[in-house]
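K.L.:
So Swiss-Prot has the following annotated:
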ACT_SITE  K173  active site, schiff-base intermediate with substrate
BINDING   T61, T62, Y148, N149, Y150, K173, D174, T175  substrate binding site
SITE      Y148  site 'Proton shuttle'
Amino acid sequence: MSHPLIPFRANFLRAPRVLSMEIVAPVITTFRGGRLDPELFANHVKNITSKGVDVVFVAGTTGLGPALSLQEKMELTDAATSAARRVIVQVASLNADEAIALAKYAESRGAEAVASLPPYYFPRLSERQIAKYFRDLCSAVSIPVFLYNYPAAVGRDVDARAAKELGCIRGVKDTNESLAHTLAYKRYLPQARVYNGSDSLVFASFAVRLDGVVASSANYLPELLAGIRDAVAAGDIERARSLQFLLDEIVESARHIGYAAAVYELVEIFQGYEAGEPRGPVYPLDPEEKAWLRAAVAKAKSQLRL
């Protein structure tokens, strides 16, 4: 499929702000030689928030959250809250006390909310135990607590009915390829902020007026996501769909060689600066993989005016 040349920067600067449809970036964690680089992280956050990102989501899956120490998560929280106005910190831990400690720290640093995966790894936790984890987290802070629902990673689906039963969830990030699944949270939790977490459903999420999207592509193409949102707001569904298809081409290419590591290279390809590297077990792309990725997205890049 061919796509029109799209001058995103100019369009973004002219377009009206659409506050009800937020772009949330699950920001990458920037490492150099296996060590966290907070300054590089903050500079990356400043760049993407200047180009359409509304909220920064720290220590999520794209940010390699489960592989970070508590101290590293705190350092990222410091860097994020100093660089961005709106920050959500993902606090999940197999140590519930550490999750609560990070949530309290995030609140003290000015984060607007915290989020958490359900307790994972332990396959037979009861619903009562899951509920206690979230209720203890909610009781520990006064800022909103988001459910981060990611069944493919956690092995458990805390669906809309279950989320309502928790009684304290004020937001949801649903990493799910089923838009109907995500929409159900708006039905059962109408006052909650509900985001879908799939790059392939950015257009669809905006079209049905979810509160926003949490899209890893916001790290490397925030302008494209802003273009989709603006097209939906203007009623230009054909344009929005065309932009989604362009995004799909890029994401599918990156998934071919390991998406979590490819995001770092895509930042350099599309934003023009080096964003560090991931850390094992998400290992950096090798030179051959980087060359393959650049060739694979070259056609898509040629159709963007960035």
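Using the three backbone atoms N, Cα and C, a Cβ is placed for every residue, glycine included.
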K.L.:
Whose Cβ, among the binding-site residues T62, N149, has more other Cβ atoms within 10 Å than any of the rest?
P.N.:
N149
K.L.:
Using the alpha carbons only, what distance in Å do you get between Y150 (substrate binding site) and the residue listed as 'active site, schiff-base intermediate with substrate' once rounded?
P.N.:
8
K.L.:
List the other residues in this chain whose Cβ sits within 8 Å of the Cβ centroid of the substrate site residues T61, T62, Y148, N149, Y150, K173, D174, T175, in sequence order.
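P.N.:
Not counting the recorded site residues, we get G60, L117, A153, G197, V214.
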K.L.:
Once the chains shown are all counted, how many other Cβ atoms turn up within 10 Å of the Cβ of Y148 (substrate binding site)?
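P.N.:
I get 30 for this one.
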K.L.:
By a simple count, how many Cβ atoms lie within 10 Å of the Cβ of T175 (substrate binding site), its own Cβ left out?
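P.N.:
Other Cβ atoms within 10 Å of T175 (substrate binding site): 21.
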K.L.:
Only counting partners 6 or more residues apart, tell me which same-chain residues put their Cβ under 8 Å from the Cβ of the residue listed as 'active site, schiff-base intermediate with substrate'.
P.N.:
V24, F57, G60, A115, F146, L147, Y148, N149, Y195, G197, V214
